[in-house]
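K.L.:
Structure provided below as structure tokens; questions to follow.
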Amino acid sequence: MSTSPLSVVILAAGKGTRMYSDLPKVLHPLAGKPMVQHVIDSALTLGARQVHLVYGHGGDLLKAHLSGQPLNWVLQAQQLGTGHAMQQAAPDFSDDEDILMLYGDVPLISAATLQRLIAAKPQGGIGLLTVKLDDPSGYGRIVRHHDRVVGIVEHKDASEAQRRINEINTGILVANGVDLKRWLARLDNNNAQGEFYITDIIAMAHQEGRQIAAVHPERLSEVEGVNNRLQLSALERAYQQQQAQRLLLAGVMLTDPARFDLRGELVHGRDVVIDTNVIIEGKVTLGNRVHIGSGCVLKDCQIADDSVISPYTVIEGARLAQACTVGPFARLRPGACLDAEAHVGNFVEMKKAHLGRGSKAGHLSYLGDAEIGAGVNIGAGTITCNYDGANKHQTVIGDDVFVGSDSQLVAPVTVGRGATIAAGTTVTKNVGDGELVLSRVKQVQLSGWERPVKKK
């Protein structure tokens, strides 16, 4: 078992021609984040002291998307094979560290599998991740002698006998820095592809009497790469299936696990129920007995115990206290905050707005930059007019206020505790405690009036 410090090399120089995209292949998202970010996260989970990212095509885009990551950027100007890519990073290797080689387009490799691989690496030898396939066509074959790994032969260079081998190379390996640099310096491109194969170091290690330990991943999907969108979609489904199984086993009821997408992190309590076609992004926290209806999208939000989110509601950057009810077809934008037992109904939008305990906004309203007290009724069609064309302004509504339907509150404005706003009122001035305010046009009734008749 190796106790050396660890650095990681991630190969990400490929163009991804078969993706038919202007975006570098490794930046295509899986579960809401770039494929290569999944690999970086696994590397950092292992405690890597340095992560070298070998890049080529789309370097500017890669650096823009990954600007906040602790990476050592290594340019591979020409893509001449995996061995060539590692040669570009080799000057940065320390003699006393282990080097783990990963791929930016193999996104589901788990930290647990990599930890087993690192632990299995013999002193002075190589840890190699391999897998057995029913159809190994196109992959490098693992060559063994008396059950010991002695080499890897690429498919195009393999003999007929070697092509019958079903154990294949995943490309993921770990070796000590001083050994790896020596082997990389001896690589040549005398093969059918005219490339420098990293796999040639296996035979070199065997010739030196070094041991090669083969380890298998927990799941085949961990070592499956992406060359086209079909493969990417298959890995997306594999990932989502894993997440759904994990949540079900942890007590979350997913009505249909095949129709659930987790694109971030879900923290949950007991007896949570999530209906079909729900998407969770960022970090979402659901308390005990929370029910999420079909078709909801939740992003970076907190929903406390006994709350019910009805179908087709979108919640982002919001906080909901206990026993809130929201939706259907509601939208809570960043900064929305609901106190306990508050209700937001269909076609209501909130942004940077606080709705007090037991307050209700049942229908067809916009509440933006608003501070709303407890026990308030917001009538259908109420609008807080928060934008004057240049700046946003706040509306403050005290406790126990009744706002009639089709009212507009032109901010900045304050409505005092217990006030009543009559239906159809436009509030432009502050309203005192307990006051009634109404600004309707006087009703006029004309007897004997007839509608115009269309001219023929």
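The backbone N, Cα and C atoms fix where each Cβ goes, and this holds for glycine too.
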K.L.:
Write down the one residue from Ala374, Ala419, Ala423 that Swiss-Prot lists together with Ala380, Asn386, Tyr387, Ser405, Arg440 as binding acetyl-CoA.
P.N.:
Ala423
K.L.:
Counting all other Cβ atoms within 10 Å across every protein chain shown, which of the binding-site residues Ala380, Ala423 scores highest?
P.N.:
Ala380
K.L.:
So how many of the residues in the region 'Linker' (230-250) end up helix, strand or coil by DSSP?
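P.N.:
Looking at the region 'Linker' (230-250) with DSSP, the answer is 20 helix, 0 strand, 1 coil.
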K.L.:
How big is the gap, in Å, between the Cα of Tyr387 (acetyl-CoA binding site) and that of His363 (active site, proton acceptor), rounded to a whole number?
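P.N.:
Cα-Cα distance, Tyr387 (acetyl-CoA binding site) to His363 (active site, proton acceptor): 21 Å.
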K.L.:
Rank the binding-site residues Asn227, Asn386, Ser405 by the number of other Cβ atoms within 10 Å of each Cβ and report the first-ranked residue.
P.N.:
Asn386
K.L.:
Could you say which of the recorded positions His363, Tyr387, Arg440 has its Cβ with the most other Cβ atoms inside 10 Å?
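P.N.:
When each Cβ's neighbours within 10 Å are tallied, His363 tops the list.
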K.L.:
Far apart in sequence but close in space: which same-chain residues, 6 or more away, have a Cβ under 8 Å from Asp105 (Mg(2+) binding site)?
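P.N.:
The answer is Ala12, Gly14, Gly16, Lys25, Val26, Met35, Val36, Gly225, Val226, Asn227.
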K.L.:
Would you mind reading off the Cα separation of Ser405 (acetyl-CoA binding site) from His363 (active site, proton acceptor), to the nearest angstrom?
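P.N.:
Rounded to the nearest whole number, the Cα-Cα distance is 9 Å.
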K.L.:
When DSSP states are folded down to helix, strand and coil, where does His363 (active site, proton acceptor) land?
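P.N.:
Once the DSSP labels are grouped into three classes, His363 (active site, proton acceptor) ends up as strand.
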